[in-house]
Amino acid sequence: MADRDASEPPGPAAAAELRNFLSEVPAPAAVGHRIVHGGPHLTGHTLIDARVRALLADVADLAPLHVTPALPVVDAARELLPDVPHVACFDTVFHKDLPAQARTYAVPERWRAEYGLRRYGFHGLSYSWALQRTAQALGRPVDNLQVVLVHMGGGCSACAVRNGRSVDTTMGLTPLEGLVMSRRSGSLDPGALLWLQRRHGLSTDELDDTLHRHSGLLGLSGTSGDTRDLVRARAEGDAAAALALATFTLSCRRGIASMAASLDRLDALVFTGEIGEDQPEVREEICSALTVLGVRGGLLVPELEDLMREGHRRVDQAGRGVPVLVVATGETQQIAAETRRVLGM
Ligand SMILES: Nc1ncnc2c1ncn2[C@@H]1O[C@H](COP(=O)(O)OP(=O)(O)O)[C@@H](O)[C@H]1O
Ligand SMILES: CC(=O)OP(=O)(O)O
Ligand SMILES: [Mg+2]
C-alpha cells in the first residue's frame, strides 16, 4: 500500500488490499501512516485519535492527490488493527519553522489570515532521512550543514537546509507548486489560470484534473511521466520527450538555484526520490549546467544495488566542486523511526 502510485486513489479497495497485506506479514506493534499535509494545527507527528482524524479530514482538500486517498487507508488500518497505536507522520513537519519570508505569499492580509494562505512545503520525511544520511556521508554534524536537497519522484521539490532546519522549499500551500513533476505541472503563471477560466471557460474541476494528472513530464511528452521512458524515447529521436526532459531539468536547476539563495554556502547538493536515485542522465544534466553554484558535471554512476545496500553515495569527482550525493529514498524508514519516537518505543 505504501508503494501505491499517489495518482490512483485506493478508495473502497483499501480495506481488502490492506487485509491481504496484513495476512502476509507479522502482526505489527504499531502503524505509521504517511500523511502529506498536517495543515495549520498538526505540526508534529502524532497518535491518530478522533480529534486528529477530524483535523485530517479538514486538510484533505489541500493535498487532494495524497490526503484524500490516504484517509480510507487510515480508517481501514485502524479498523483492522484496533488494538495497536496508529501514528500520523507528516511531510509538512520538517518545514514547520520556515522563516516568515519563506512561508509568506504576497497577498493581502485577509487572504493570509482568513483563508490561511501560506507555504507549507512537503517531502519532509524524505528530506529528514536524506539530511541524516548526508551528514553521515560527509562526516559532519547536521547542525553545521548548509545543503540543497532535491526530491524527484512522482512529486518533485527542492529544499534549502541551514543548520539542520528547512529554511526554504519550492512546494507551497499544496504539493502542486514548484518544480515540474511526473504528472503535475508545478508552478504556472497565476495569470494563466485566470485567463484559462475567463477566456476559455475552463472549470475548476478541469483545471484541477489537468494540472494534477495530465501535466508535467506526461503532459509535455504526451507519452510518459517516467524519465526512464523519456530518456529512451529521446535517444530514438522523440522531440517531445527531449523537450519534456529539458524543461524538467531546467525547472530543477531553477529550483536548486533559488534554494541556494537562502544559504551562505553550499556544502552539498543531494538527490533523492525515484528519479534522483535511478536516473543518472537527469542528475548529470542538472549538475553540469549548475557551474554558477560551483556544482560540476562528470558525475559518477553508482550501481543501483550498491546505492540501495549502502543507502547513499557521493557521485561528484573529488576535488571538482561542491559534493553531490545520491541518497536512496527513506520515507518508509523515516516513518518507522518517527512512529517509534512518538510512542517512545
Ligand atoms: N526514473 C524513474 N524511476 C522511478 N519512478 C519514476 C521515474 N520517473 C518518473 N517516475 C514516477 O515517479 C513515481 C514513483 O512512484 P511513487 O514513489 O509511488 O510515487 P511518489 O513519488 O509520488 O510517492 C511514479 O509515478 C513514476 O511513474
Ligand atoms: C508531496 C508529494 O508530492 O509526494 P509524492 O512525491 O509522494 O507524490
Ligand atoms: Mg515516492
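Along the chain as shown, the residues are counted starting at 1.
Glycine is treated like the rest: Cβ placed from N, Cα and C.
These come from TrEMBL:
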type: BINDING; residues: Arg34; note: substrate binding site
type: ACT_SITE; residues: Asp91; note: active site, proton donor/acceptor
type: SITE; residues: His123; note: site 'Transition state stabilizer'
type: BINDING; residues: His151, Met152, Gly153, Gly154, Gly155, Asp226, Thr227, Arg228; note: ATP binding site
type: SITE; residues: Arg184; note: site 'Transition state stabilizer'
type: BINDING; residues: Glu331; note: Mg(2+) binding site
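Distribution of TrEMBL features across the structure.
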| residue | record | Cβ contacts under 8 Å, 6 or more apart |
| --- | --- | --- |
| His123 | site 'Transition state stabilizer' | Asp91, Phe94, His151, Gly155, Ser157, Cys159, Thr169, Met171, Gly273 |
| Met152 | ATP binding site | Leu179, Cys252, Phe271, Thr272, Gly273, Glu274, Ile275, Gly276, Gln279, Val282 |
| Gly153 | ATP binding site | Ser182, Gly273, Glu274, Ile275, Gly276, Thr329 |
| Arg184 | site 'Transition state stabilizer' | Leu65, Gly155, Pro175, Leu176, Leu211, His212, Arg213, Ser215, Gly216 |
| Asp226 | ATP binding site | Ser182, Leu217 |
| Arg228 | ATP binding site | Asp278, Gln279 |
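For Glu331 (Mg(2+) binding site), the same-chain residues lying six or more positions away in sequence with a CB closer than 8 A to its CB are Arg34, Leu125, Ser126, Trp129. Over all protein chains present, the Cβ of His151 (ATP binding site) has 31 other Cβ atoms lying within 10 Å. Residues from the recorded positions list (Met152, Gly154, Arg184, Asp226, Arg228, Glu331) with a C-beta closer than 6 Å to any atom of ligand 2: Gly154. Candidate recorded positions: His123, Met152, Gly153, Arg228. Those with a Cβ under 6 Å from ligand 3, in sequence order, are Gly153.
The binding-site residues Gly154, Gly155 differ in how many other CB atoms lie within 10 Å of their CB, and the one with the most is Gly155. Residues from the recorded positions list (Arg34, Asp91, His151, Gly155, Glu331) with a C-beta closer than 6 Å to any atom of ligand 1: Gly155.
Annotation note: Gly153 (ATP binding site) sits in a coil segment as assigned by DSSP. Around Thr227 (ATP binding site), the C-beta neighbours below 8 angstroms that are at least 6 residues distant in the chain are Leu217, Leu245, Phe248, Ile275, Gln279, Glu281, Val282. Neighbour density for Arg34 (substrate binding site): within 10 A of its CB lie 20 other CB atoms from the protein chains shown.
According to DSSP, Arg228 (ATP binding site) sits within a helical segment.
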